[in-house]
Every structure is written in structure tokens, then in C-alpha cells.
Amino acid sequence: MNRFKTSKYKNTTPKIPKKDGWIANVRGGSFSSQGKHIKPSCSLVAFNTDHAGGGMLGLSSVNAGADGKWSVTQISCHADLVTDLDFSPFDDYLLATCSADQTVKLWRLWDVDQDQPSNAEVTLSPADGRLELLLFHPAASALLAVASAGGVQLWDINRDSALTVLEPHADQLQGLSWKEDGSLLASSCKDKKLRLFDPRAQPSAVQCVQAHQGNRDSRVLWVKDDNLLTTGFNQVRQQEVRLWDSRKLTSSVSALSLATSNSTLIPLFDSDSGLLILSGNGESVIDCFEVNTSEPFLSQVSQCVADSSSRGVCLLPKLALDISCCEVLRLMQLTENFIVPISYQVPRKAGQDFHADLYPDTVGHTAAMSADEWWKGDNKQVERVSLHPSKRPKPAAPSAQEKAQKDISRGKSKEEASSSSSPLSSPSSSAVPSRSPSSTSGLSSGFVPSPSPSQSSRAIHNMLGPSSKFRHIQGSVLHRDTHITNLRGLHLTTPGECDGFCANGQRVAVPQAIAGGQIAVFELSQPGKLPDTALPTIQNSVNVADFCWDPFDPHRLVVAGDDAKIRVWQIPKGGLQETLTEPECVLRGHTEKIYSVKFHPHAIGLLVSSSYDLTVRLWSLKTGEQVKQLSGHQDQIFGMAWSPDGKLLATVCKDGKVRLYDPRKSTSPIQEGPGPEGQRGARVVWVCGGKFLMVSGFDSRSERQLYLFSAESLASGSLASAPADVSPSTLIPFYDPDTSVLILTGKGDTRVFIYEIVPEAPYFMECSSFNSSEPHKGLCFLPKTECDVRDVEVARAVRLGKTTIEPVAFRVPRVKKEFFQDDVFPDTAVWWESSLSAADWLSGSDGQHRKISLRPKDMTPVSEAPKEAPVRKYLPSSVYLEEKTDEQKKEELLSAMVAKLGNREDPLPQESYEGVDEDEWDD
């Protein structure tokens, strides 16, 4: 631009609507990732939410409904945080997502007022660790760039493997951008380098240059012609914008320093107008610049101060703008509770003529070529279309098959959708050959319809594998009124074998960081803020190693100490009113510090303990004597677990072995097999009715892993394993035998892992995880009777934080909550009632818990719910296809006019008025 020539966009003004023009009920996520937190198409806006630990996306329409309000819905996408998302430039309803769970998924979305899919139609597994970025190709259909922490892969989503893998980056990859013609790919990295790739020519970078001097995050974006723009930080920690010429990438063409801030600058560029938006994550200031190819390269147009700080920003596609008011950009700002549409308008006389100078032809919605054609060397460009209202391309009408499939998808209930895949549908603009049902899927700018719904469902099931009905399980902290707050002096460094705290249905025991091994006991029925004064405690006189509640007596607490003694305490009814110093009894026998203590699941008063003396001992609380001593361990005993029937005891040891004991028949292990290779810690729990052992531990690289062993053949090693993540704390498992759901978390973690365990491959079926904003000490689960079955709550736990005890509910989303969900609430065992005495068990008897139904008397099981008759929502096509004669049309028009005017034979209103007599006119 000539410096003396005035830009037609220089007076572009941002306009923020009133609050009733914002998209509400958003709950925008604030998770840390390199990707976009919000992305629009011409029809929909998808965005990160704080639901399900970031694994769910929010979805809204671009424009408000007839009532002037927006509908917002959620779609569960991944078992872990969604790190990036992108809509296809050629299909408003095709969304790609990538996640920390190392997968890429493609979703066929519907309008917001319809049921969204429960399963992705394609899942890609780049197998390159946590994925950070993804980006559709701007010209070729079905071509996707996927980036992990250090590398980039190109995928044709019609294939089962990557087209190419680019040379790894030296550090964390932070930005990715395609050139407008799709020939080159640019990346920015934590190593401060800007790289250019020609993926079809070579996997290594064709150019590489030092970009910004600062150590904070950077971003890259192609702008006009051959120019690149990067955002980052300079040496004095100021936000910095640099413009580069890709033909000579030795130094930047221009540099601009902005404010001193810690926020990463997110650049957005409109190639038609040359306008650049810069917004810092966590900031409320939004700048607008015009990018030029000559001096001045960057000229500021406006600065907007929003009402709330940004969690993400995006620009609507040009075809979605309102040209009647001279709108040249529309920015969607994601905040904590709203999406704010900010309209950038050029002051012109609106609503008159089409301003062709403001709206040059823009890129259309039809792909220029397929991914295969691009990979073979084609460089076709997307056809441009006019924004003039009379010249805009009309969306093609869907085919009859698509309509039928759409009606099927609409008519499904959410329960049906959660257990089966929705039929495939395809926009009519797609023109890609169909693939066989056994292959991954047929995707292009849209999806190719399958031959039949049944074949489609089978193909998707084969591709995705079995799915858990608990995959959308949601954890949520209950209302603050149920919290116990103002906890002080917590002991946060309990031994690794200890769960950190313990709870039953009535009270919680928490260790205190006070000399003498003191334990505080809080009543769950008395939530609220604790006083600042000292509270009564249990004084053990030595450091606490482990402790647990008697499952059959909610007032009995057993505490193991560093002095090799086990103390049994009786808590008064109503809770602690004064400090306890004398235990009910003391168990003596171990010669060294105790690791852990566990109660028998059936026999009352039977306790097992493990110690540094490498023995496992069984105790009778009734007599206060040791009754059995087990041997065979060669190192530290990490964990113990009784089998569900109480016959066998499993242990996992630091010597890398998993052992199985039958204490009544032998003091030595009856089975032994290889366990986790790592030596940091481990836990063991019985699953699937006692057929399998699940061990959480560490592998040889100190990464947390889950292992599944057959209880009948430990020597054969693990049947399956599942990676968790990298963390120093041992995952502590809780297993619900009613649902076969496994819930795990570690001390100091913020994430709770959830799996369904099945007795056949794939064994571990990952479900949505639960994330908290602050680290917790751990979770303790309460009896099943504490769950609110009316709200489909399958598990209830209490979470110990730094200063709080908070109840956490785990719920399964269901539509028909008025019915009792008997498929997730079978009769449950009353494990809080004993079935025999310790003496009976030692003599060879076995017990079994009675079972009860959780169904309230006023609820009908969902399996007995009346079947709803299908209702036709739309008129048959014959109504619309029927041709009417001119006479019929004329008759309908006349009838409508007469009905509006009313009956002409009706008397006029004034005819009914009463007058006065004639003689009354005389004076």
C-alpha cells in the first residue's frame, strides 16, 4: 500500500453487542494446550469446555434462533483433554479433534437442536504420544496435518496410515499453518526456530531460521502472498510480531513490539481484507492491524477492550458474515461463561448497495482436489465465489438417502445412540469413491454413504471396537454446602502404601501433622467450616503408617504405627468429643514398621497386616491374637487385596512379583508370577468376580501402567496392560463389582482415571476422566447406598484437598431419568454386614453377602418402560411433491384473503349502538 493512499479499512470499528446478544451457558475450558480453544464453520461453533476434564466439546450455532437465543450442547469426544479442533473448510459439519489420549477423531455433527453422535466416524492413531495440533489442508479434501509434541504427520483420512512423517522438531511444537495454496507448511517451536516444509519434496525443513528471542510460546500464520507472520516474545519479555518473506527467510521484513505480558498472542488473519487480529490468552485487549506488503507493513486499525478475558478467539468464515451492515470480520471470543461475537464493520451506508470494494471474491466451499491428487503433485486452487447475495452459491439439496439417514439419526434415543453408531451421511458436494465397509471409512470433504445402515454399523464397530456404556461417565463435586472446610495441619506425606485417609458412610479419618501420630475424625453428617481452634483427635503416640475403618463397625478404626504395633480405637457415637489416648486393644507381633492393614471382606474381626519384617500376619480382634503368619516375600510389600469370596489373598511386592495365598491351607504362596518392573510402588485389586487381578504400578521407564492378570495363571504374566501417564505417585484403585468400573487416582494428582474392565479383549475400556483444578490427597469411596440412583449416580466418593473434604458424584448421562436404570444398578452386595465370624472362617467356613435392590419403590425399571410408538415428525414427501393447478392455487389464495378479512355479511359495530329517542332532541 502506498503510504499516501488511504485504506478503505482504516475506519473499521469493532462493535460488541449487549449481553443478551452473547452465547450463554458456555463454561469455557481453560486447559493448557497449544491448539485452538474455539473453532467455527459457517453453521456451527465448537469450543473447549471444562466438562469431563476437557474431554467434552461445547457446540453452538453461529446464528441465534427465532427467539434471539442460542442453544448450546455438548459432545463427548475423548477420554482425555481435547487439545485442538478444526472444521473442514469444505464441510460445515465435519469436525476433527485431537487429544492427549493420542488419537484423532472425525465427527459428523448435526444442527444443535438435534442429537449429536456418540461415536466418532473415524479414529486415527498416529502413535506419537500426546497430540497438540491438527489442521485441515486449505485446498485438498480429506487431508489433515497432525502434530505431536515434536513431530508432524500428514494423513489422508481415507487411508489407515500416514502419507508422510516430517522430520522431528528439537523441542515442543507450538504453531502450525498451511500456505493458502497448500504447497508449504510452516511451524513454530519452543527452540525459537521458524521452519518451512515442502512435505511432498522432502520430510526435512526446506528453510529454518531463528524467529523470536524470548522463551515463551510462539505462533505462526501465513498472510499475504508469500509472507509469514509470527508472534512471540523478545528478550525483554515484550509481546512481539514479526513479518517474514518465505522466499528469503534469513531475517524478518518487519518487527513490532507490543505490551509486556505473559500471554501468548493468538494471530488471526483475513486474506480478503488483509486485516490481522491479535489477542492474548487471558487478556481482554484485542488489537486489529492491516498487513501490507510494503511500508508500513503493519498499521493499527483499532483496539478493542472486551468485558472479559479471552480463553480463545476465532474468525467466522467470510460466507457467514452479514454484508448488509458492511461487516468485514466477526470475531468469536470465548470467555469463562460466554461466547461474545464482536463485529468489525466499515462505516458505510448500510442496506443499500453491495460494496464490491469491501468484498472481493472469497474462497468457496468446494475442494479443488483430493488428497491423493495433491500428494501426486497437483496444485489446484479452490474456486472463488462472490459474496453478492444474488451470486452466492446455493447449498445443494440433500439426496433422498441422506434425508432418510438423517431422519433415522434424529429418531434415535440417546440410550440407543450410546450403544450403537449413528448411520453415516454425506453432504452432496462430496465426490469421493466409496470404500468397502471393512476399511477405515469413506471420508472426503464429507462422508460417503454406506450401502446400508446395518453394514455401516458393523463397519464402525469393527473400526472402533467395543465401547463402554460408562464411557461418558461424569464426575462432579457436590454443592459447597456438603463440604467440610477450613481443615488445618493435614499430614500430606503419609507412606506410599497408605491411601492417605479413609472414610466410611458416616465419618472420615484424616492424619494430622502433629507430633504423636494424631488422627482427626470428621462426621460427614456435619458439613461446614471447622473452627480455628484445636479439635479433638486420636493420639497414637507414634507416627501413623496406615489406618482403615472396620467395614462391619463404623465406629472402629484400626491404626498401624512405626512401632510395629496395631492399635484398635472405638469412636463414640456422634463423633469425637474429646481427645482419645487409650486404644481399645493393641496387637503385637510384628518386629518392624508396618506397611498396611486390611479387613477381611466377610469375617468380622479378622485383620491382615504386612510389615518391613517381610511377613503378612492375620489377626483376630476378638482375642487380640495373631492367628496366621504368611511368608515368601523378598522385599517391600506394596499392596494386599482379599478376593471377593474372602478365600484368597493377593500381594504385590517390590521384588517384581505378584503372589497368591490361601491362608487357611498354606503359609507360602500357592501361585507366583511377574509383576510391574518399576519399583516405585504398586497396588492390587480383584476384578471381574475374582477371575482377574488388576495391578497398578510402574514400568521400567517409571511410567504408570495398569496390568491385568488371570487369577488362575499368574506365572503366564499379564494378559493386558494400559498406559496411564508419567507421575511419581502410585495410582490407588477402587473397583465397583456392580458395574465393573475401575476408578484410579494418585496422591497429589488432579486427574481421576476411569475404566470399565471386561473379561475379554480389549480388557481395559477407557471412559471419560475427571479432572480437578487443584491436586488432591486422594479419594475414598462410600457404600453404594449413598448414591443418588434417581440421578444415575453409580459411585460416591469423598475427596481430600489441602483444606477441604468434598463429596464427588460419578454419574452416567441418561435421558429417561424418571425410570430406574436397572442396567447400571443391579442388586448390590451388602458388604457392610458380616456373613461369618473370624473363628468360623479359620475353621474352613465361607460366607456370602446378601444382596439388595437399590430401586426406589416409586420408580419403574427402564427395562419395563413402555415402548414409545414412532411418531412421524414430517409430512410425507407426496405432500410436497404434489403439483397444484392454477385454479387450485387461485382458490387457496382467495380463501386465505376472505378468512383474513372476515365475513362481509356480519353487521358493522356501529349498527349495534343504541341511539336516543327523537323527542330527546327537542329543547
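Just so you know, glycine gets a Cβ as well, placed from its N, Cα and C.
Taken through DSSP, the domain 'DUF1899' (3-65) splits into 7 helix, 20 strand, 36 coil. Taken from TrEMBL, the feature domain 'DUF1899' applies to 3-65 (among others).
TrEMBL lists 75-109 (among others) with the feature repeat 'WD'. Same-chain residues lying 6+ beyond the ends of the repeat 'WD' (75-109) with a Cβ under 8 Å from its Cβ atoms: 31, 33-36, 39-44, 46, 48, 52-57, 59, 116-118, 120-136, 138, 141, 144, 146, 155, 157, 317, 363, 365-367, 382, 422, 424-425, 427, 429-430, 441, 443, 445-447, 471-472, 766-769, 771.
Residues annotated as repeat 'WD' in TrEMBL: 166-198 (among others). On the 0 to 100 pLDDT scale, the repeat 'WD' (166-198) averages 90 in this prediction.
Residues annotated as region 'Disordered' in TrEMBL: 382-462 (among others).
Look at TrEMBL and you will find 403-417 tagged as compositional bias 'Basic and acidic residues'.
Feature annotation from TrEMBL assigns compositional bias 'Low complexity' to 418-449.
Residues annotated as domain 'DUF1899' in TrEMBL: 463-528 (among others).
Sorting each residue of the repeat 'WD' (587-629) by its DSSP state yields 0 helix, 26 strand, 17 coil. Feature annotation from TrEMBL assigns repeat 'WD' to 587-629 (among others).
Under the heading repeat 'WD', TrEMBL lists 630-662 (among others).
Here TrEMBL flags 901-923 (among others) as region 'Disordered'.
Among the features that TrEMBL reports, compositional bias 'Acidic residues' is placed at 914-923.
Using a Cβ-Cβ cut-off under 8 Å and counting only residues 6 or more beyond its ends in the same chain, the repeat 'WD' (587-629) has close neighbours at 495, 497-498, 545-548, 550-553, 558, 560-568, 635-642, 644-646, 649, 651, 661, 663-664, 667, 831, 834-842, 846-849. Taking H, G and I as helix, E and B as strand and the rest as coil, DSSP gives the repeat 'WD' (75-109) the counts 0 helix, 23 strand, 12 coil. Per-class residue totals from DSSP over the repeat 'WD' (166-198), listed helix then strand then coil: 0 helix, 16 strand, 17 coil.
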